């Protein structure tokens, strides 16, 4: 038995030495995917935490233009041209006749539809955040995870392992527990009607974006060509541009352009320069959120993207307490603990699943080696 096991290992090592290039390519691809996951997690964290805070900073210091705030959420899309240009130059070295854009009409049309939905979602979210503190807004947005799981199950046939179910339950509970004692977070000079409308608008935004995430994943799966990260960036560019144009039309209809100069002069932080700094950084930070969320769908799934978004909400709560002096009740501490527990639970399950898959792959390789039957 021991001799047979040693012989199996020798045969496997021999096969690996016979095909070194294939093994090296596999290792290289795995490292690249891991690096891509880390990068997308970082930019998603920056956008998911910083986006609501800087948008609230705009409203807190005299900003009142909801359509303009919606516009800023995707107006930073020209940033995507830089990685696209870099990708184009790499592809140009491999082939002389290389198109700058890889996206084809079906994916282009799908991106337009998703972009319009994103534009509507931007407006709903900005409207809600205009009348809700960051902590309460994060509470409502946290319900997005449950809706994402629901839509992912029916749209992309998402499989649920015990670890995923545990993570969804913990993260939903961790966010839902923030509902306790939120009355004390009500903004000053805010009517009850404004609070209710802001709450409903934010809830609608959560439901809509929970639908958008699996819709993006479904678009990837239905595409008739291999989805590369470059193609993901191109789709992101199109949908953000469409969402920006949608909000731009809203700005024109609502007369925002006539009010922006006055807002800049009256901005409470001081000189109008600070107003434009907030505007520019709002566009840049929010683009990180969209790039990270769409990128995680490419690297994993829409549910993983939803889990990361929800897991980062308690951190947004903590930052809101630090920057805006919002109250930090014991419920928020418990919410942070449950969310971190759910986050760790999910990734522990993923690590176990990957280890199991690698073991099965090794067994499959062994079974294909010559002489296995004789050893057995």
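Yeah, the Cβs are placed from backbone N, Cα and C, and that goes for glycine too.
Predicted automatically and left uncurated, TrEMBL annotations should be read as such.
Of the listed segments 15-34, 35-54, TrEMBL assigns transmembrane segment to 35-54. Note on the transmembrane segment (273-291): residues 40, 43-44, 46-48, 50-51, 54-55, 57-58, 61, 69, 72-77, 79-80, 118, 233, 236, 240, 263-264, 267 of its chain, located 6 or more positions outside it, place their CB under 8 angstroms from a CB of the stretch. The stretch with the most CB contacts under 8 Å to the transmembrane segment (66-86), chosen from 35-54, 107-126, 138-156, is 107-126. Counting Cβ pairs under 8 Å to the transmembrane segment (107-126), the top-ranked stretch among 35-54, 195-216, 303-324, 330-348 is 195-216.
With a threshold of 8 Å between CB atoms, the same-chain residues lying at least 6 positions outside the transmembrane segment (138-156) that come near it are 52, 125, 128, 132, 168, 171-172, 174-176, 178-179, 182, 199, 202-203, 205-207, 209-211, 213-215, 217-218, 221, 301-303, 305-307, 309-310, 313-314, 316-317, 320.
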